[in-house]
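Scroll down for the structure; my scribbles are underneath it.
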């Protein structure tokens with residue numbers, strides 16, 4: 001599979017890192033970003049959160065060079081001018097965060113790409129896939145797909161375990177979310193909402209999120225049953241989902257733990273992880289699981305009403321699932 005990465009920010013860089021780390025058969029042929037290639041090479045090599053990577057990487061003749069591997073840098077703002085046909089691109093990993101509307105993303109197809117994977121919640125009629133939850137519903141005819149958000153990738157596997165074992169009447173989710181590149185280091189104006197412009201490392205900032213509602217895109221039985229909000233907090237990486245849920249059938253917290261533990265060792269293996277350790281957020285920096293269920297943190301009010309907690313590295317965990325989905329698409333498009 002020949003892919004290009006459109007947008008070499010946090011997620012774009014970590015997708016490339018994970019492809020190289022696992023020696024994936026995926027071939028990255030180009031990166032399109034308006035930032036200078038030598039600076040992007042530097043940012044790829046040195047990461048303040050996840051440490052240095054590919055120390056032998058250099059910038060030469062407009063390429064990111066790693067031994068025998070060369071990835072061409074492009075800096076084209078107009079999607080319709082990108083040379084995807086000439087490069088024989090199978091999939092565009094759309095990770096700018098700017099193109100999430102189906103009509104906008106379709107311009108990659110007009111430029112010659114065979115498929116587009118949006119690394120964000122999509123707008124419009126775009127199939128959404130979460131590994132371990134509904135990825136097997138992928139149809140090769142789907143030429144524009146979404147991997148949802150990092151938070152949906154954490155919440156949806158947990159919701160599926162609950163749905164399959166106990167049923168879900170309704171639920172509210174809060175994600176206590178690490179700071180992201182859209183936030184300001186110091187107070188300033190925000191286009192999205194006033195509070196979002198306040199200093200990221202001085203404040204706990206309430207924010208909106210569609211992550212809980214998006215679970216209904218991959219688990220239709222839960223459409224209209226989940227919603228939620230976010231608190232942006234002053235940490236660089238790792239977030240946590242707090243799910244307050246009313247189940248359809250009576251059970252115990254211990255039974256929920258057993259159901260999650262079983263799923264983590266079987267159907268959700270490599271997607272979910274179960275822990276009874278006294279963990280904190282920094283313990284999960286670099287964690288490749290989508291959802292780490294914290295058995296010590298949850299509580300029960302009665303036999304149908306529970307608060308459940310799951311951790312996730314909102315960067316590495318999500319980037320890993322993108323690579324998983326790419327490889328799944330490759331295997332199931334032949």
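Cβ coordinates are placed from backbone N, Cα and C, and glycine is handled just like the others.
The structure displayed is predicted, hence computed values, not measured ones.
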Query: Same D-glyceraldehyde 3-phosphate site as 149, 150, 151, 209, 210, 232 according to Swiss-Prot: which of 180, 252, 266, 275?
result: 180
- request: From the recorded positions 11, 77, 119, 177, pick the residue whose C-alpha lies nearest to the C-alpha of residue 149 (D-glyceraldehyde 3-phosphate binding site).
  value: 119
Chain-internal residues, separated by at least six, CB under 8 A from residue 33 (NAD(+) binding site): 6, 7, 8, 9, 12, 40, 73, 74, 75
Query: Just going by other Cβ atoms within 10 Å, which of the binding-site residues 119, 180, 314 has the emptiest spot?
result: 180
Query: When DSSP states are folded down to helix, strand and coil, where does residue 232 (D-glyceraldehyde 3-phosphate binding site) land?
result: strand
Statement: As a whole number of Å, the Cα atom of residue 11 (NAD(+) binding site) is distant from the Cα atom of residue 150 (D-glyceraldehyde 3-phosphate binding site) by 10
149, 150, 151, 180, 209, 210, 232 excluded, remaining Cβ within 8 Å of their centroid (D-glyceraldehyde 3-phosphate): 175, 177, 211, 230, 239, 314
Three-state secondary structure, residue 177 (site 'Activates thiol group during catalysis') (per DSSP): strand
